[in-house]
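Comments concern the structure below.
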Amino acid sequence: MTVRPTLAVVGATGAVGTVLLRILSQRADIWGDIRLIASPRSAGRKLAVRGEEVEVTALAEDAFDGVDIALFDVPEDIAAQWAPVAAARGAAVVDNSAAFRRDPDVPLVVPEVNPAALRRRPRGIVASPDCTTLTMIVALGALHAEFGLRELVVSSYQAVSGAGQAGIETLRRQLSLVAGTQLGTNPGDVRRAVGDGTGPFPEPVALNVVPWAGSLCDEGWSSQEMRVRDESRKILGMPQLPVAVTCVRVPVITTHSLTVHARFEGEVTVGKAREIIATAPGVVLCDDPAAGEFPTPADVVGTDPTWVGRVRRALDDPTALELFVCGDNLRKGAALNTAQIAELVAAEKA
Ligand SMILES: NC(=O)c1ccc[n+]([C@@H]2O[C@H](COP(=O)([O-])OP(=O)(O)OC[C@H]3O[C@@H](n4cnc5c(N)ncnc54)[C@H](OP(=O)(O)O)[C@@H]3O)[C@@H](O)[C@H]2O)c1
């Protein structure tokens, strides 16, 4: 009899971890034990997975004894410290943080785009991309395979849950302060109403958009913008791909949206692009502006695929396409991608 692999979910109580437990309860159940791990603050809490209550234990070295695959959904510094510990104890690690994504000895995997990258993982760690990159890369991977990508220009409209549970709580609190008021009509009135409670964001996010995500990098770029560039290049195996990104936070709880200007090797047609998008695994074409049909976060949240609409050929460049893409940042943008990777790793071991 084949022994079912033991899975550990590290960060089970967080925004991504919570969705991962839901996904593990919905997908084909290939797992033996599922262990739930978080900080000592959460030890003893019980969380539901696969219809059973499972007790959360505190992160510790012996928590990985007997674990075959460990999914890490914790802050970057905790992943940097603990993923190698889990790997040294024999677990195959799939990490959702930015800690290892740029490491040449750690593959950065999107199962629909570059599954072969999984084969070489000398550190025993696989990284899952950033949620903003993941929102567009499945559709872009399919278009690249047909047309040959040459350049990307991207703007994001990022949901607050991309900044974790703290981001969700911040927007909900701010919305309760501005709901039913006349705020948003005078300079600074929203800021005064929410006070210092901007949480992980530098500005109020309710009734606002904030052109910033992440930390400050060289020459005014944000870490989130640099990640989209670095990660797209690594996943597509195109280290020189020109990528320009502006990341913006919007008052949406979950589901990132992106506008994408993608330039290709030669002329493209909207008909062929729509055909590729409509048939690519993990992507849904939702594009009928005459009928008022395009993807929006309000409809996409809670779904697995990434949704593509507003497919147009650039007016001034027959080699370029304009797209609007939406994807649930906690599902395909995080938990689902790691669950898919874990299933591929488990299949290797079977
Ligand atoms: N949110 C997204 O859309 C998204 C998308 C892609 C990747 N990611 C990445 O996924 C990771 C998790 O993000 P998130 O949004 O779920 O964050 P979150 O809501 O803040 O959750 C963080 C999780 O990490 C645990 N944790 C914190 N400190 C710990 C410690 N010292 N030891 C053990 N566990 C600890 C927390 O446990 P307690 O509850 O016990 O504190 C919680 O379970 C991050 O690296 C993030 O960058 C997030």
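Residue positions begin at 1 at the first shown residue.
Cβ atoms here come from the backbone N, Cα and C positions, even for glycine.
Unlike curated entries, TrEMBL annotations are predicted automatically.
The model shown is predicted, which means the values in this text are computed figures rather than measured ones.
The annotation domain 'Semialdehyde dehydrogenase NAD-binding' is assigned in TrEMBL to 6-121. Feature annotation from TrEMBL assigns NADP(+) binding site to Thr13, Gly14, Ala15, Val16, Arg41, Ser42, Ser161, Gly162, Asn329. Residues or ranges marked as phosphate binding site by TrEMBL: Arg101. Annotation source TrEMBL lists active site, acyl-thioester intermediate at Cys131. Per TrEMBL, the feature substrate binding site maps to Gln158, Arg249. Residues annotated as active site, proton acceptor in TrEMBL: His256.
A separation of roughly 20 Å, to the nearest angstrom, links the Cα atoms of the residue listed as 'phosphate binding site' and the residue listed as 'active site, proton acceptor'. For the recorded positions listed here (Arg101, His256), the lowest count of other CB atoms within 10 A around the CB belongs to Arg101. Ranked by how many other Cβ atoms sit within 10 Å of their Cβ, the binding-site residues Thr13, Gln158, Ser161 place Thr13 at the bottom. Comparing the recorded positions Ala15, Cys131 on other C-beta atoms within 10 angstroms of each C-beta gives the minimum for Ala15. Mean model confidence of the domain 'Semialdehyde dehydrogenase NAD-binding' (6-121) amounts to 97 (pLDDT, 0 to 100 scale). The 6 Å Cβ screen around ligand 1 retains Thr13 from the recorded positions Thr13, Arg101, Gln158, His256, ordered by sequence position. Cα of Arg249 (substrate binding site) to Cα of Thr13 (NADP(+) binding site): a span of 24 Å.
Annotation note: Cys131 (active site, acyl-thioester intermediate) sits in a helical segment as assigned by DSSP. According to DSSP, Arg249 (substrate binding site) is assigned to a strand segment. Spacing of Asn329 (NADP(+) binding site) relative to the residue listed as 'active site, proton acceptor' is 6 Å (Cα to Cα, whole number).
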